[in-house]
Amino acid sequence: MNPQRKKRLFLILGLLAGVAVAVGFALSALQQNINLFYTPTQIANGEAPLDTRIRAGGMVEKGSLQRSGDSLDVRFVVTDFNKSVPITYRGILPDLFREGQGIVALGKLNAEGVVVADEVLAKHDEKYMPPEVTKALKESGQAASGAEAKP
């Protein structure tokens, strides 16, 4: 193998290694930023991964909201009318958060089956519900009042 060919080979191998490293970094960054949506039924059935950031959504069960008297800790239960999953959250809930209405919580599922949320999103008017929640409710055979998703 002559020296010029050897030089080209090393250059091509170096470029391929650089591209592979760049693709690896890009995939790693994308994987960390993906938040997949899971219904309470999927979470209860063990389909949601533990200690990975997920979005859990459904209707807040009536009578399930428990506020701590001395901190901002809140605990409530979200249901898709098939199964339910408890959610804990530390912070101020959105003004539109109410029992019996649709929410999406972003957080991690722990080993006890509780979603530890770091963000809670509530629907923004009476007729809107997140598309994922609407789909989950339709699949469970329930229909929420005024739950048509609008862009």
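Using the three backbone atoms N, Cα and C, a Cβ is placed for every residue, glycine included.
The average per-residue pLDDT of the prediction over the topological domain 'Cytoplasmic' (1-8) is 88, rounded to a whole number. According to Swiss-Prot, the topological domain 'Cytoplasmic' annotation covers 1-8, on the basis of sequence analysis.
Marked as transmembrane segment by Swiss-Prot: 9-29.
For the topological domain 'Periplasmic' (30-151), the number of residues in each DSSP class (helix H, G, I; strand E, B; coil) is 18 helix, 44 strand, 60 coil. Among the features that Swiss-Prot reports, topological domain 'Periplasmic' is placed at 30-151.
The heme binding site annotation in Swiss-Prot covers His124, Tyr128.
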Positions whose Cβ lies under 8 angstroms from the topological domain 'Cytoplasmic' (1-8), at least six residues beyond its ends: none
